[in-house]
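Visitor: Found this in Swiss-Prot, in case it helps:
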- Asp75: active site (ACT_SITE)
- Cys446-Cys492: disulfide bond (DISULFID)
- Asn168: N-linked glycosylation site (CARBOHYD)
- Asn236: N-linked glycosylation site (CARBOHYD)
- Asn248: N-linked glycosylation site (CARBOHYD)
- Asn567: N-linked glycosylation site (CARBOHYD)
- 1-20: signal peptide (SIGNAL)
Amino acid sequence: MAQAWAFLLPVLVLGSYVTSLFFPSYISNPLCGGDGGRSLFLCAQAPKDQDPSPAVSTMYKTAFHFQPAKNWMNDPSGPMYFNGIYHEFYQYNLNGPIFGDIVWGHSVSTDLVNWIGLEPALVRDTPSDIDGCWTGSVTILPGGKPIIIYTGGDIDQHQAQNIAFPKNRSDPYLREWIKAPNNPVLRPDEPGMNSIEFRDPTTGWIGPDGLWRMAVGGELNGYSAALLYKSEDFLNWTKVDHPLYSHNGSNMWECPDFFAVLPGNNAGLDLSAAIPQGAKHALKMSVDSVDKYMIGVYDLQRDAFVPDNVVDDRRLWLRIDYGTFYASKSFFDSNKNRRIIWGWSRETDSPSDDLEKGWAGLHTIPRTIWLAGDGKQLLQWPVEEIESLRTNEISHQGIELNKGDLFEIKEVDAFQADVEIDFELASIDDADPFDPSWLLDPEKHCGEAGASVPGGIGPFGLVILASDNMDEHTEVYFRVYKSQEKYMVLMCSDLRRSSLRPDLEKPAYGGFFEFDLEKERKISLRTLIDRSAVESFGGGGRVCITSRVYPAVLADVGRAHIYAFNNGSATVRVPQLSAWTMRKAQVNVEKGWSAI
């Protein structure tokens, strides 16, 4: 239940806005607010009589990202592939574009691109979830039996885990779900546990003893932990006397995810099946407003996760995404033998903007996720199905970019585009020296350097959503540094000039990755532009950055531009540049239900 907990704070006046996400002070019911675990935010909902502005709603609404037709959404919850259908459940407010009154929204798809919106799968109608049906997971039990386990909050805002089953497994859409009569099946009643910091159960897996395991995000004796539980039947659970993993220096871990990966193999692994020799495990947690992870091994004898590298300073932990991305959830796709991950991307405009738009939040494009060949980090790439929306391909080869050059990528829709570009370095001798302290805050370094500050190698990359006079534009680019015997590449997504509006979050996101430039010489960049959502993948998915932008140029049809640029001293060659206009997907087309 990320529930935007890392971002939400109480507000006293509608429209007050800082770089954290604030909400208006409409209190929806007595269950909201109070002391305890909900003290960081207000449950609120929009006034019933306020209609969203059609112009604003459509200007920033995405064309091929997953989001409901209206209202608030946050965490992906329990994605799965079952009987030929992809299911995406998500945290949803039926009543408005503000966080609160959370239920499980439900949509289905056959291709991960076009989605049908259904009735909510879970609503808050029992004592154990009357405060909200928070984040959870789906596990498919032997015999093809899907089961939801999710966090619910009671009237006192204490958290516990609940179970639900499909009412009719022959229904291809699994529209109706029945809650277990013995809910909640897990309470935080062990010594040292915090009843308001106990949420977001993972997908289950089977251990060598044949028992099911599951992890739940929690706080144990003041430490953050992925708490470990065992069960014979997935209904009755016992807490293991030690966590799957814990850390004494970070906040509560939300939305933990635990899955197996094979180095250099982009095929997914099913946790409910035997894990092959040589496999690693990834433990992901949502903390510090971002999604971080560790690579290690699952020690079967100890029944514990053991990181390959223990890093005390969590600023140095690996990141799933370096931008506006949180509460991600992965699942094994048995259809194509891959692991897919989604994340929630919140709005970074103001609460009053969300009220005017009538919607807030979206999910990133589903990504295939796998372990790099060296076993050090996860790689991500948009699922291949998204390419079905490509049209009107534009291709260029052999472009040479000298210092100060701009090359316009014409004849594609600059508002809805997919751009893939390779940058080839003629020389690596001009790379500036690398300062290891930059790893502690790459965003700060992106902001200080900027795309306008020349370097030895770079900045070079893309300028997107640019107005005619460049008053508004977003830069996605690289800088190359020399670090002893290796090279470090900084990837930035700089939003500081993305909009002329002052009331927005406009940071410069950034992340570093190692690159063997002497061997590869080319650095790839793929950027998907979908109106207010921009997702960029650098170095073959080594660094991913999701950005939310709100330029006024979006209202001016046909007036935005995309450029390739170089502002570094060294010449950069572009051996291949391909760009496509992206068609609109059918996202959450209603089928017999008009509330979403």
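Cβ coordinates come from backbone N, Cα and C, glycine included.
Note that the structure is predicted; figures quoted are calculated from it, not measured.
I'm curious about the neighbourhood of these features; can you describe it?
Guide: Of all the Cβ atoms in the protein chains shown, 30 others lie within 10 Å of the Cβ of Asp75 (active site). DSSP classifies Asp75 (active site) as strand under the three-state reduction.
Residue density at Cys446 (disulfide bond): 28 other Cβ atoms are found within 10 A of its Cβ, drawing on all protein chains shown.
When secondary structure is read from DSSP and collapsed to three states, Asn168 (N-linked glycosylation site) falls in the coil class. Within 10 Å of the Cβ of Asn168 (N-linked glycosylation site) there are 12 other Cβ atoms, across all protein chains.
Sequence-distant neighbours of Asn236 (N-linked glycosylation site): residues of the same chain at least 6 apart with a C-beta under 8 Å from its C-beta are Val185. Under the DSSP three-state reduction, Asn236 (N-linked glycosylation site) is assigned to coil, being neither helix nor strand.
Annotation note: Asn248 (N-linked glycosylation site) sits in a coil segment as assigned by DSSP. Asn248 (N-linked glycosylation site): 10 other CB atoms within 10 A of its CB, across all protein chains.
Asn567 (N-linked glycosylation site) carries neither a helix nor a strand DSSP state and counts as coil. Asn567 (N-linked glycosylation site) is surrounded by 23 other CB atoms, counting those within 10 A of its CB over all protein chains shown.
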Visitor: Here's one to test understanding: among the recorded positions Asp75, Asn168, Cys446, Asn567, whose C-alpha is closest in space to the C-alpha of Asn248 (N-linked glycosylation site)?
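Guide: Closest by Cα: Asp75.
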Visitor: Rounded to a whole number, how many Å is the Cα of Asp75 (active site) away from the Cα of Cys492 (disulfide bond)?
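Guide: Between the alpha carbons of Asp75 (active site) and Cys492 (disulfide bond) there are 25 Å.
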Visitor: Specify the secondary structure state of Cys446 (disulfide bond) as given by DSSP, simplified to three classes.
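Guide: Reduced to three states, the DSSP call for Cys446 (disulfide bond) is helix.
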Visitor: Taking DSSP as the reference, which of helix, strand or coil describes Cys492 (disulfide bond)?
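Guide: Note: Cys492 (disulfide bond) is in a strand by DSSP.
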Visitor: Express the distance between the Cα positions of Asn168 (N-linked glycosylation site) and Cys446 (disulfide bond) as a whole number of Å.
Guide: 52
Visitor: Work out how many Å separate Asn567 (N-linked glycosylation site) and Cys446 (disulfide bond) at their Cα atoms, rounded off.
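Guide: Distance between the two Cα atoms comes out at 14 Å.
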